[in-house]
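Peer 1: After the structure tokens below, expect a handful of questions from me.
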Amino acid sequence: MLPARFRTPLFAAIVVMLLVALVSAGKSRHRSPAKCPTIKLKRQWGGKPSLGLHYQVRPIRYVVIHHTVTGECSGLVKCAEILQNMQAYHQNELDYNDISYNFLIGNDGIVYEGTGWGLRGAHTYGYNGNGTGIAFIGNFVDKLPTDAALQAAKDLLACGVQQGELSEDYALIAGSQVISTQSPGLTLYNEIQEWPHWLSNP
């Protein structure tokens, strides 16, 4: 039997609080990982190697949302054709090292690797070194990407935070906020203002 001094209500309350704290700590340590979206690597969609690699300091502080102003696509074959043409234009005509975005998203919710995590793209002047550019494949001035595409973007962001690629307090912005462009299109621009981490005045 416990000594009398250990049988007080105060002692019992302290024991209960300690047990609750231990259980909570155990749950937070074993939180289920973010659901990372399916990502097709550059070699899978037929992309050419980068002409020059410029590494970023991680975790990344900004995420910049764009659209590609191309046709839309679902499925690897159709999306790969668009991405290959885009990369060729960016490298050969614009003299970029690579396709300009870090990631691109098709209508079926498949994410395509551009420069990928940790490598500088050429998506947004002033934000290439400390930002990740995510582009929705298509034109979203007067309509939204599919639900699958929007969810894939949210999953990619959560996955990036969990893997230490994105800062836990990253700022989400639209390309049109910081450079002279209509990207990501007015309808998509209004949508992402409702997402976590939105920064209204970058």
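Heads up, the Cβ atoms here are built off N, Cα and C, so glycines get one too.
What TrEMBL shows for this protein is this:
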| type | residues | note |
| --- | --- | --- |
| SIGNAL | 1-25 | signal peptide |
| DISULFID | Cys36-Cys159 | disulfide bond |
| DOMAIN | 37-179 | domain 'Peptidoglycan recognition protein family' |
| DOMAIN | 48-185 | domain 'N-acetylmuramoyl-L-alanine amidase' |
| DISULFID | Cys73-Cys79 | disulfide bond |
Peer 1: When the domain 'N-acetylmuramoyl-L-alanine amidase' (48-185) is classified with DSSP, how many of its residues are helical, how many are strand and how many are coil?
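Peer 2: Reading the DSSP string over the domain 'N-acetylmuramoyl-L-alanine amidase' (48-185) gives 38 helix, 31 strand, 69 coil.
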Peer 1: Inside 10 Å of the Cβ of Cys79 (disulfide bond), count up the other Cβ atoms and send me the figure.
Peer 2: 23
Peer 1: Find, among the disulfide-bonded residues listed as Cys73, Cys159, the one whose Cβ has the highest number of other Cβ atoms within 10 Å in the structure shown.
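Peer 2: Result for the most crowded candidate: Cys73.
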Peer 1: Would you mind checking how many other C-beta atoms are within 10 angstroms of the C-beta on Cys36 (disulfide bond)?
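Peer 2: Result for Cys36 (disulfide bond): 15 other Cβ atoms within 10 Å.
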Peer 1: Measuring Cα to Cα, how many angstrom lie between Cys36 (disulfide bond) and Cys73 (disulfide bond)?
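Peer 2: Distance between the two Cα atoms comes out at 21 Å.
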